[in-house]
Structures are given as C-alpha cells and as structure tokens.
Amino acid sequence: EDPSLEKHFKGHRDSVTSVDFSLNKKQLASGSMDSCLMIWSMRPQMRAYRFVGHKDAVMCVQFSPSGHLVASGSRDKTVRLWVPSVKGESTVFKAHTATVRSVHFSSDGQSLVTASDDKTVKVWTVHRQKFLFSLSQHINWVRCARFSPDGRLIVSASDDKTVKLWDKTSRECIHSFCEHGGFVNHVDFHPSGTCIAAAGTDNTVKVWDVRMNRLLQHYQGNAVVNSLSFHPSGNYLVTASNDSTLKILDLLEGRLLYTLHGHQ
C-alpha cells in the first residue's frame, strides 16, 4: 500500500540532523542543532526523554544493535554513549579534533566507527570504551562512515569527492570511488554487504558493487541528497533531499517509486 504519514514528533528547538529507530521499533532517537538528543516513544502517551550533555550541535545518533545504548557525535568534537533511560547517563569519547559527523555501531555491537571534519575515520571498542585506530587518507571533511554487515569492511564518504573502502583488520584503503561530481554526504552498505549506495551534493545517488568496484546504478535527482538508507530486504532505497522530500527507489527495477512530501 502507498506510504502515508503516521506520526510526527515536535520538541527540538532547532534543525533535526539525524534520526534512528531502536531495533524493536519502539523508540526513535534524534539529534539536533539545539545540542540535545531526544528519545521518542512510538507508543501513544509515553513521554519523550531529552538528553543534555553535548556542548554544541548533535550531528548524528544511532542505537546500538541491542538497543541498550545510543551513540551520538557532536560539533563539540566528542562522541557520547548514552543509556536510553530516565537518567540519561552518558560516557564521553574524546579523540577527534573537529566536528563529529557520523557514528555507527558494528552489527555485533562491539565496535563504533566515527567520521569527522578532522579528515579521519576512527574506530573504538564499545565495552572497554577505548579508541583503537584512525583511518586517515581523506583530504577533506569525512561526512559518513559505516561498517559492512559482517564488520570486516568500513566505507567512508568525504568532501574530497571520494568514497573509500577500508579493510578493518589491515586498516588499509582497498579502493577509492572517485566518480562523484560533488561532496559525498552519506554512504551505506546494502544488507547483503555486496554493494554500497552513496548520496551527493551533485544531486545523485550512486550504487556500487564492492566486489568488482564498479558502478551498478545511478539516479539523477534535482536537489542535493543528504542521506539514504536501504530497506532490510535490500530491494528499496529511501533518500532524503534538499527539496524537502524523501524518495523511495526501487533497486530491482532501477526507478523512482514514491516521493514523500511532509516536511516544510
């Protein structure tokens, strides 16, 4: 059936930068330029939690796979791990020297990968809460970094107009995709781990095969694409764009399926 607007949440005092569902879909986390993190309940009449701690805009949020933690990255150069309960306690990770744009848990919940305007991608252990290593070949801000579903690879997207693929064990850059005509805002792995999708300021979404390192699909839009996400089946891609819309792309047929209007 056609998508329809189900809920909308109000409470942030400035632009919302990032949203993520918990695994059980009962909660939604959001980060905002107001320096706060909010945890919203999908159940009616349940109040939202507001977490205060970051000293500047929150750029990214993500629930851990278990749902017991929420990671956030901020313009205050720190990463925080929050316990999503009434207390809203958090621990602070400090190693980046500029705005943290992206946080992502590995699928086993053991590791965290972060991307920053300091041009590095950093990997951390979640339980020992320790910085492990940096990946530093990008020559401009890194907007996004993601683990592959099996945790062996890391993909990163940067304002240097490249998408880089890294081997987590050897910490080497295996491949650079350089065909974007603008900054690359967002990148993510297909659930199968065999390909990635990247969104750019050149108004495009590109899908790459990471085994053959070749371009599989190319979608030309008419506005900057800020973020994207694969459907769990791997058959669809949802994108968010500067034209105030979300778009659902059918990857099997290689075409636009729906345009969602709702944001102003």
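Using N, Cα and C of the backbone, Cβ positions are placed for all residues, glycine too.
Because the structure is a prediction, the values reported are computed rather than measured.
Quick look at what TrEMBL annotates:
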type   : residues : note
REPEAT : 9-50     : repeat 'WD'
REPEAT : 51-82    : repeat 'WD'
REPEAT : 93-134   : repeat 'WD'
REPEAT : 135-176  : repeat 'WD'
REPEAT : 177-218  : repeat 'WD'
REPEAT : 225-259  : repeat 'WD'
* List, by number or range, the same-chain residues at least 6 past the repeat 'WD' (51-82) whose CB is under 8 A from its CB atoms? -> 14, 17-24, 27, 29-39, 88-94, 96-105, 107-109, 112, 114, 116, 124, 126, 129
* Structure fact -> Reduced to three DSSP states, the repeat 'WD' (177-218) has 0 helix, 24 strand, 18 coil
* Structure fact -> In DSSP terms, the repeat 'WD' (93-134) comprises 0 helix, 24 strand, 18 coil
* Excluding the flanking five residues on each side, which residues at least 6 beyond the ends of the repeat 'WD' (9-50) place their CB within less than 8 Å of a CB in that stretch? -> 56-63, 65-67, 70, 72, 74, 76, 82, 84-86, 88
* Asked: Which residues, given as numbers and ranges, are at least 6 beyond the ends of the repeat 'WD' (135-176) yet have a Cβ under 8 Å from it?
  -> 98-99, 101-102, 104-108, 111, 113-117, 119-123, 182-189, 191-193, 196, 198, 208, 210, 213
* What does DSSP give as the helix, strand and coil breakdown of the repeat 'WD' (9-50)? -> 0 helix, 19 strand, 23 coil
